[in-house]
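Colleague: Dumping the structure here so I can ask a few things about it.
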Amino acid sequence: MGPLSAPPCTQRITWKGLLLTALLLNFWNLPTTAQVTIEAEPTKVSKGKDVLLLVHNLPQNLAGYIWYKGQMKDLYHYITSYVVDGQIIIYGPAYSGRETVYSNASLLIQNVTREDAGSYTLHIVKRGDGTRGETGHFTFTLYLETPKPSISSSNLYPREDMEAVSLTCDPETPDASYLWWMNGQSLPMTHSLQLSKNKRTLFLFGVTKYTAGPYECEIRNPVSASRSDPVTLNLLPKLPKPYITINNLNPRENKDVLAFTCEPKSENYTYIWWLNGQSLPVSPRVKRPIENRILILPSVTRNETGPYQCEIQDRYGGIRSYPVTLNVLYGPDLPRIYPSFTYYHSGENLYLSCFADSNPPAEYSWTINGKFQLSGQKLFIPQITTKHSGLYACSVRNSATGMESSKSMTVKVSAPSGTGHLPGLNPL
């Protein structure tokens, strides 16, 4: 700190004596052009330390001065005042017992606390030459000593070149900056090493032996700096991405035997099979050799298309294959004919459609009384007559499965004398 004038031999008066002093100071409260400046020593203030608010450019013929906490010049914010005549010091409501005022108007605050940070106002008055009081303001920020940081990791045991890891510097500290070190060197930013916006979190993408550490983080503010203990990631051996081979991706429902094989083969891995994201349950229908690398399904249904995955595991964890989905061939099922009306009147339009569940989609054809009419799912005959009565059949065929099926219905057409078809319906 700079040189100080020794504190005067003073009379110490409580804030209640302020009223008399205020009357004295206000007597000389006239305009002035003098410029008072205030600076802090040290310039960066930390908790528990001392700070001196050092005043420069004091006017001549000083009558006295008043210090306030904040920028409001009122009794509530009044810390202390000094009257040159009589070297009188008066303490106000904002005085904490840690402030020392000097004859050069400087204010020493000892053992600074959080509550001390902020703005201070100095009001100075002159006497006798027609000048008036002058006000100076100063604000300081309190910095805490940085704590010793520690590094937390999303995963201390990542798979080599496979898994991402985030390292976070704890604790989160206000008014502080974060620095990272790897192998004792300032951290280089690459595509595999990225920092969060506030630099508190470090992201590592695809950790290798060259980026496993050790890592250190540092918390720094204007008054202190602290560095963490080193943290090194423990790389686990890289697992190969498994894949599935299969003897038939287009099996026929309830006919073809399927064999799934999980590659690559290794005695060091355990194999697990998954169906629709669930571990494949033990079932009489599912056969697995002892090593479990091969999965055999004696038959498959349309509800077992998958996806299928296999997983290889070592003692540290596992990795799954890409999913494989089967194209199960089935059908055609027994077709259905819509609508199911069987009675019509002459002059009405006949419109029938046929549907059968099938993969791939079935081929459709229509016959009337055993005589081929047309191919397709829909049959339309405008203004039917009694001659259109007979047995209507829809035949379906799946060329992939080699299966066929058919459905028939009897249609009766009444003579023109009636109106509207009968209400009775014959469900198929």
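Each residue's number is its place along the chain shown, starting with 1.
Note: Cβ is positioned from N, Cα and C throughout, glycine not excepted.
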Colleague: According to Swiss-Prot, which candidate among C169, C310 shares a disulfide with C217?
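Modeller: Disulfide mapping in Swiss-Prot sends C217 to C169.
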Colleague: If you have Swiss-Prot open, could you say which of C262, C354 makes the disulfide with C310?
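Modeller: Answer per the record: C262.
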Colleague: Far apart in sequence but close in space: which same-chain residues, 6 or more away, have a Cβ under 8 Å from C262 (disulfide bond)?
Modeller: P242, Y243, I244, Y271, W273, R293, I294, L295, C310, I312, S321
Colleague: Tell me, how many other CB atoms lie within 10 A of the CB of C217 (disulfide bond), whichever protein chain they belong to?
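Modeller: The answer is 26 other Cβ atoms.
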Colleague: Any idea what the Cα distance is from C217 (disulfide bond) over to C394 (disulfide bond), rounded to a whole Å?
Modeller: 77
Colleague: Take the C-alpha atoms of N303 (N-linked glycosylation site) and N268 (N-linked glycosylation site) and report the distance between them in angstrom, rounded.
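Modeller: On Cα coordinates alone, these residues lie 34 Å apart.
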